[in-house]
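Per TrEMBL, signal peptide is recorded for 1-23. What TrEMBL lists as disulfide bond is 33-50. What TrEMBL records for 64-215 is domain 'Cupin type-1'. Here TrEMBL flags 109, 114, 119 as oxalate binding site. According to TrEMBL, the Mn(2+) binding site annotation covers 112, 114, 119, 161.
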């Protein structure tokens, strides 16, 4: 029964993501364009190097293992398992991807953005406090909600958003994204953990804090849960 619930939830999130997929990634001009790292054996179609269609097989469209819990013993208490064009070549040009997000109790998927995708999230287990913040022109309004098993929430493309496990047990969510390669920018990591570091004078003025605070934050280890 648990397996059936997992399958139904996964199919539902994929269906939602498929609905969103046409928004930004260009439509393919052929049945598929399996991404190819070695361009010597590919053909240039629709702006990408693609595997010769005659050499494509079912493995190019297959990914296994999302039913397995991930290790959340890290500083943020969460682990994101992405399924995108980087590890599922058949997604190339199809404008869709998927992620499993595991949370320990009090685990956080820190504030981040996806520059190329809208995200739709469904909770499979646990209780999550989620939200996103609108752009400056809209006054940086926060839209937030506590989600329970079976609940769904949408994060518009490019907006900062987060998920926090507010329950006392592990939580699991699946997310569909409207891009084969949505990208992710974790705000704290990008601002305080950039390489090379951003000039402290910039951050001191931007955050209106003392130089010592910026220096402390830039010396921290900013964990990447993706």
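From the backbone N, Cα and C atoms, a Cβ is placed for every residue, glycine too.
Known features from TrEMBL, placed on the structure.
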{"residue": "109", "record": "oxalate binding site", "Cβ contacts under 8 Å, 6 or more apart": "76, 78, 80, 101, 103, 162, 163, 164, 225"}
{"residue": "112", "record": "Mn(2+) binding site", "Cβ contacts under 8 Å, 6 or more apart": "160, 161, 162, 184, 185, 186, 187"}
{"residue": "114", "record": "oxalate binding site", "Cβ contacts under 8 Å, 6 or more apart": "155, 157, 158, 177, 179, 182, 183, 184, 185"}
{"residue": "119", "record": "oxalate binding site", "Cβ contacts under 8 Å, 6 or more apart": "154, 155, 161, 175, 176, 177, 178, 182"}
Using a 10 Å radius around each Cβ and all protein chains in view, which of these disulfide-bonded residues has the most neighbours: 33, 50? 33
Env. residues of Mn(2+) site, Cβ within 8 Å of mean position of 112, 114, 119, 161 Cβ: 113, 117, 132, 155, 159, 160, 182, 184
Suppose the oxalate site is 109, 114, 119. Which further residues of the same chain have a Cβ inside 8 angstroms of that site's Cβ centroid? 99, 112, 113, 117, 121, 155, 161, 163, 175, 177, 182, 184
Restricting to the domain 'Cupin type-1' (64-215), report the mean pLDDT as a whole number. 96
